[in-house]
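Some features that Swiss-Prot has for this protein:
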type	residues	note
COMPBIAS	52-67	compositional bias 'Low complexity'
COMPBIAS	336-362	compositional bias 'Low complexity'
DISULFID	Cys510-Cys534	disulfide bond
DISULFID	Cys510-Cys543	disulfide bond
DISULFID	Cys534-Cys543	disulfide bond
DOMAIN	154-217	domain 'bZIP'
REGION	159-180	region 'Basic motif'
REGION	182-189	region 'Leucine-zipper'
Amino acid sequence: MADYNTLYHQGLYLSPDQQDLLLAALSSNQPPQKQQNDKQRSQAKTDPDSTPGNMSSGSFSMSPGFNKTHPGSGGLGYGDDESPFLDFNPELDFDFPGSENLIGDLPGSLPSEEHEVGEKRKDMSDNENEESGKKRRESDDKAAKKPGRKPLTSEPTSKRKAQNRAAQRAFRERKEKHLKDLETKVDELQKASDDANQENGLLRAQVERLQVELREYRKRLSWLTTGSGISAMSAIPSAHSRNLYGLNNNDFMFDFPKFGDLPGGHIFNGPLTKSNQNKPRDGSSPATSDSQVPGVMTRETLNGSNNRGMPTAKAANGVSNNPSPKVPSVYNIRQSASSHDSSNSCSPSSSSDSHQSQMLSSNGTSPEPSSNSPATKLNDSVQNHHACTYSTIDAVRGKSESVSNTPSQPNNNYEQTPGPGLDLLAQQNGGQFDPVLFGDWREPQDAILSQDFGTFFDDAFPLPDLGSPSHNFNEVANPQPPKKDLIAEIDNKLDEEVVPGEDKSQMLSCTKIWDRLQSMEKFRNGEIDVDNLCSELRTKARCSEGGVVVNQKDVEDIMGRVK
């Protein structure tokens, strides 16, 4: 039995050709061969009772009969005597699993199988990548999923979201409220700015209007100061509407004198009657006293008839009861001149016109000499009976009276006692007639100019009153006083752009008045009518170089009434 086993083992070996084919197949497909060797090893381990055909090529051993070194092994040794298949079972199958891979394939089929092997390799690598990705995911999932009960995180997240929404809602509300407040503030500031701009526009227009008026008044003042003495009153706009009747042939104009300064005192006849009673016939010249000078009026002369009483009927008839001599009055001289000239062709209108033009000629404004004044012409009228010179209104009245007299009446009736004049009015009113009361009336032109312009013309043009002693008698003897430089004074006043004649320390500005008003307790309590107070202060306000000011006395009076 031992010999059979040894012979069996020696007969189960490959020939050299078979070995070459086996090596070629193994070398051409080495990686699959390794896998197959691994499989064979695993099968050999799992199945130890397998046949020798199942042995791996790594454990291949040459049989003793195949080895040439041994004697008797020159051939295969498959002789009739040495056949190993004497007791061989013919039903033995030599095809074990995987035996087709032990022998190399044909050359024509190698590329296709190599391509298939490449695809298999690619598929295997892909499968390995997919399996590795799955394993990584499974490992990540296992790392994330820790054992134990998971906490409930749904409630805190919802609560946090609700808090965030509430905070955002509150922030939006605050932002909208802030924007609304800013819009209201902008509207209020815009309205205040519009009101301030409107008020500034009104104030600016008022200031411009005041400046225009100031320039207009300065122009008028410059016209008055730069114009000549003759045409000074022509600068006033309404002066042309004040032309007197009968002066159209004379360019000279003058402001109508006051009632108490009317020329021609013989109209009132007071001085003449008084001089007839007090002066002898051989007295001195009429210029010795004011009571003898015609044109000078006093309170005593106006009321002289009250002291003396009414003239008697005999005096009215031309018979004088006073034996004292009388001075020839200007009235009688004029009456005689008018009686001698009654036959001339001089009409009352022309005589009154010439009389008025002669009365307007005064010292310094008329080209004629002083000898041609009405006072000297009165003396000339005694000698020249044919001259039509009527210096007063009494001349016209005397002429009309002389014409109306009958031839049977003597002419010396007018030489004895003159007419009562205005003394009759004083007697009718019970002695209460006072012409000075009518001197306060002025022309409407004074409302345009300031109150100081009334004295301005008296100082700028010092013309003596018509009928005054200085005009009639002293115009040659007395020299004129030096005139004031009123133009320089006016220029100085115009340069000072401040409130004239006002003490700056006594003036209160608007801020000071407001501070004083805020210090009052009634103002803080709201008990003071601010509108009424402002209207009263506005009436007392004045303009100055520093703004609107109010006199301190006026402010104290208004504040005192409020308290």
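Any Cβ shown, glycine's included, is placed from N, Cα and C.
Packing around Cys543 (disulfide bond) is summarised by its Cβ count: 13 other Cβ atoms lie within 10 angstroms of its Cβ, all protein chains included. Reduced to three states, the DSSP call for Cys543 (disulfide bond) is strand. On the backbone, the CA of Cys510 (disulfide bond) and the CA of Cys543 (disulfide bond) stand 12 Å apart.
Secondary structure at Cys510 (disulfide bond), as computed by DSSP, is helix.
Across the domain 'bZIP' (154-217), the prediction's mean pLDDT works out to 94. Counting only same-chain residues six or more apart in sequence, none has a Cβ lying under 8 angstroms from the Cβ of Cys534 (disulfide bond). The Cβ of Cys510 (disulfide bond) has 13 neighbouring Cβ atoms from other residues within 10 Å, across all protein chains displayed.
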